[in-house]
Amino acid sequence: MGSLLRGEEMCLAQLFLQSGSAYDCISELGELGLVEFRDVILLLIFLFIFCYICCSCIHTSSQEQLQRLEVELGEVTRNKEKLQKNLLELTEYTHMLRITRNFVQRSAEVFNLATILSLRVSFELHFKFIEAFERMLWRVCKGYTILSYAEVEEYLEDPDTGEPTKSVVFLISYWGDQIGQKVKKICDCYHCHLYPYPSSNNERNDVVEGLRTRIQDLYTVLHRTEDYLRQVLIRASESVYTWMVQVKKMKAIYYILNLCSFDVTNKCLIAEVWCPVNDIPELRRALEDGSRKSGATVPSFVNRIPTTDTPPTLIRTNKFTSGFQNIVDAYGVCSYREINPAPFTLITFPFLFAVMFGDLGHGVLMTLFAALMVLHENNRKLKNTRNEIWNTFFEGRYIILMMGLFSIYTGLIYNDCFSKSLNIFGSGWSVKAMFDANVWKDSDVTANTYLTLDPNTSRVFHGPYPLGIDPIWNLASNRLTFLNSFKMKMSVILGIIHMTFGVILSSYNHIYFRKKYNLYLVFLPQLLFLMCLFGYLVFMIVYKWLVFSVTDSSFAPSILIHFINMFLMQRDTGLQVFLVVIAVLSVPVLLLGKPVYLNWFKNGSRRHVGMYRFNFADELLHQAIHTIEFCLGCISNTASYLRLWALSLAHAQLSEVLWAMVMRVGLRMDTRLGVLFLVPVFGVFAVLTVSILLIMEGLSAFLHALRLHW
């Protein structure tokens, strides 16, 4: 609790790390998370040399496995590409032989058949290529060729791009070898694929059958290759998370090594670290373990060195307190050894949230949701998802759990469960007493929609409800008026208590840092200003509740008008004048007291000359800003706490509207189909409750509670 309340006591230490064991020592320190390194010097040349030495010496089994898998994946991928390319060529050759059978007989008798050509072009542009190709052959060969072509009906996959393409098969018949050479050059310019063509039908049939067999074999090999590739990838995926962690650790270790300086004389690395004083023995053990793992003959050691620098703040947290600490750190991290408000936020944050969200039913649902996340908090699938919204909920599961539990409590105080009240202990109001006293008659009940219960009548009001608000107020027509008055005054009381508690916490900092003058010149004026004005406002609220009863409630003064008249000095008593004067006089003390005292302390006391630097103008400006912020903040923050009242009423009214417009419609049906109709009605009610009242209203109350704490 001491570490969470004020942070750890830190010290500056030097680490002397031997070159051979530096990597293992830093790794041990990283696993423990004990120290924070300072940037001593940047030696990139040494870092590159050292990283090369370390990388050549460190070969773990997982790294070797990774290299083997990379080699296997590379070989399998290359073989697959070759197989696909061969399969495509064989497929084209097969289609070419099948198509060219229709027109080869008539041309083979006249011309020397030399080759059959296949040109792969895109489907949209192949006609333009065909015309250009045919025109080029005619001009160069001067008509000594006969060109026949046909499209392949099937789409073939391009091995380079993977896109489906159309192939066109050409049969070119020509005279003489010279024209044949020209034809081949033109085909090369158009990137045509040349295939030999047998002269007889039997040979062509044999080639086609052989090609079909090879194509079938290639398909079999491809399928087996894909299966093997899938198995290799599955094995690799099982180790990806471990490799990622190892790579991140290595990057972090080399980054820390970059912050160290190299002692040429002693041939060791020197690092400066901030370390908790209580963890120095554990730090030494970590260095010993790192030296032992690396097999170094010379051990690494640590020396504590004096410093005047302000150490960093270290606050140890656990899985329960880390979320609340993040709420505090989002506004600002505490200074070194300053009081940490996070332990008190464990209670105040969920409580203020529950004041705005108070509903027994909604609190139970929120608690169940958080409890499920807490029970399955070690599930890796829930922790390592890529859904940022879910990660936010999961990281704040203990905050949600506390908010749900406190919402159950405030729901019991408000006596509100899905906009309905629970009559557990019996109402303190009696309707029968009104008939016994002959105030009401049977005709009054039938003739009037609303009747007023008079608490001045004997035995009408037995006493307050044992826990929370009496359930009879859920039936009253003036329920909203009653809750407005109650929750508004409650918000003001809670807000002033919260602000006063924050001012009192500052006194512990003044005492700890031995600045007693802040107690008299800062803390006391702040407390007097707050208590003389707003503390008196709380006193008037409580006084009005206790002194005025139902018999003389009509004579009770308005607190707001009375508070305004207090500043205007109208109808004021001597106590109110005294409180206003004290509050006004505390402002110049808060503004000038500390700068004047420190100026006298610097110039009038020779014993402390040179102990610290002091500038009167800077201190006066700082204190002026602080005074204005505090005095105006007392007024604005008190009004800001009225959001507790506004959000609470808004949540209650939304819950009541949702019940009246959805659930009540299904409950009023008294036919046989009413039960069946109630199922979809309840579904709509549940969806709207979760989406609007739990998620949207919960997020709104969370943000408002966050603002009040900041």
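Using the three backbone atoms N, Cα and C, a Cβ is placed for every residue, glycine included.
It should be emphasised that the depicted structure is a prediction, and the values quoted were computed from it without experimental measurement.
Residues annotated as coiled coil in TrEMBL: 59-93. The annotation transmembrane segment is assigned in TrEMBL to 40-61, 351-375, 396-414, 490-508, 520-539, 575-593, 674-696.
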Top partner of the transmembrane segment (520-539) among 351-375, 490-508, 575-593, 674-696 - counted as Cβ pairs under 8 Å: 575-593
Listed stretch, out of 490-508, 575-593, 674-696, that has the most CB pairs under 8 angstroms to the transmembrane segment (351-375): 674-696
Positions whose Cβ lies under 8 angstroms from the transmembrane segment (674-696), at least six residues beyond its ends: 359, 362, 365-366, 418, 651, 654-655, 658-659, 662-663, 665-667
